[in-house]
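Chemist: Provided herewith is a single structure, encoded as structure tokens, for subsequent inquiry.
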Amino acid sequence: MAKHMKRPSILSALTSAAFVIGASIIIAIASDICSCDAFSDAGRQSVMLAPSSSTLLTSSYSKTINQYHRRNRLSTTPTLPYFFMSSSTQNNDGNNNNNDNDNKGDDDAMATIINGITREAQELSQCTSIVYNYLSKPDGDVSATDVVQACDAVDEAVTTLSLSSTSSNSLPMSISYLNQYLSLRRRSHEFGRYHLLVKLLRSNYDAYVSTAEFLSPSRIKRMDLPNVQDVKYYAAINNDDDANANTSADKTAVVVAKMEGVGVVADAESEVPLVPDCTLQNMTYNTSPLDALLLSIFRKFVSEYTQMPMRDDIPGIQGLVVQGRSYMTKDLPEGTSYAEHAYVQHDMVKTVLGRLMTPVLPPFYRIFMSGIVPSNNNLPESIQGKQLGPWFYAPYLTSIVTPIFFGFLVGPSHPNRRKDGQRGGLVVEKCKFLQESQCKGLCLHQCKLPAQEFFKETLGLELSVSPNFVTQECQWSFGERPLEVREDSSFPVGCLVGCESRKGMAAKKRGDDICM
């Protein structure tokens, strides 16, 4: 999967728009007055004025500027800001009349500036109104039709901008600078569409899933959805290049059925049910210096805990997978079952994570995120160790920070919404550990369960980890209580077809549930 495109920030777009308008007014008026005669272009064609208020403002400014120019005898003519020019102004290189007594050029130039500023201000106001209308709609009133209409509005904004870019004029008067360069109207509708989906997610989860499956990825990129946990995946068949793309956000057309906990075939040797492997092309991960450092330290801690030497000839995440598989499938002392050994694997991962976070971070997190009162002799004994949180901001802030420090294990991820529509979700695009291991047992006992236990027991925050073995995506929901594995219908029964651990484990665990 290629790295997903970030969801457009409408707040940053609106801020940029306001800045552009304000800065343009100051630059267009102040700099022209102080340095040159900006309004003596008599050869330019007249521009239609904006509404009556703009006309009055134009007349007032024109008289003031004319008086200033006559007094100072200025005659230099600068170029007007590009996005305030009309089509005729941009394309007309007519002769300039520098006669200070001719007011026509002054009026036309100032009218062009005022008309441009008015157009940008109107567009900013309309886009602000669009966003407000989306946000003010009650959760219970949102339907699939509303989301489809928002998609139509996005498509219309894109089409309008595309037509303007292919027209004879590079920037027609009907297209504002805010749309030409900031795509403000499109971003406004995309922002609103996202929040309509969030409202639907909060009010009716089943309706949200149906709507998301209907619209994604043909009209909404998969990674632009608020939550993809139970949304079926669709693969492309229209174009071979698209079908082999590295991102689930660009897939279109035919459905790949989501596994619902039922094995599709039985292995002849172990007689355990098998479930399909992920058929998507493997993702190529970019390893940052921080990722490389953390992975090296993590592998070292795993080797020390397991008393098993680290394979220096197998670098990176592949080496970690070899370490994990060797530990999971090792020969056990007589009387010790592999079911019991699963809990030992959990303890190993939790211990390593604790060491990786250093002795400083867990206590800090417990106090300022989970709201756990520390044991301190200066505090009343009745409240020592009592949990007052987690604080309302803990799930969301955790979802912001986690991609930075856990990317070395899981790969690229970004914050999204939990199943209840609240902030605090995190979606892993294509799990690095699962892709390299192709093993549901390693995923379960050396990632999912120990991570959930670590956050709850050590950090004081509930965590639900939900891997998708069809796409190798993984949904992390901070502050959400996880289901028991055997009660989770989304977690399939049996081994993956391509699991390398299965044959080695089958002889040792016949009769046991290998991957549960």
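Cβ coordinates are placed from backbone N, Cα and C, and glycine is handled just like the others.
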Chemist: Examine the ranges 11-30, 391-410 and name the one recorded by TrEMBL as transmembrane segment.
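Modeler: It is 391-410 that TrEMBL annotates as transmembrane segment.
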Chemist: Near the transmembrane segment (391-410), which residues from the same chain, at least 6 beyond its ends, have a CB less than 8 A from one of its CBs?
Modeler: 287-288, 290-292, 294-295, 298, 317, 368-371, 416, 418, 422-426, 428, 431-433, 447, 461, 474, 476, 478-479
Chemist: Suppose you look only at the domain 'Beta-carotene isomerase D27-like C-terminal' (419-486); what would the mean pLDDT be?
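Modeler: The average pLDDT of the model in the domain 'Beta-carotene isomerase D27-like C-terminal' (419-486) works out to 95.
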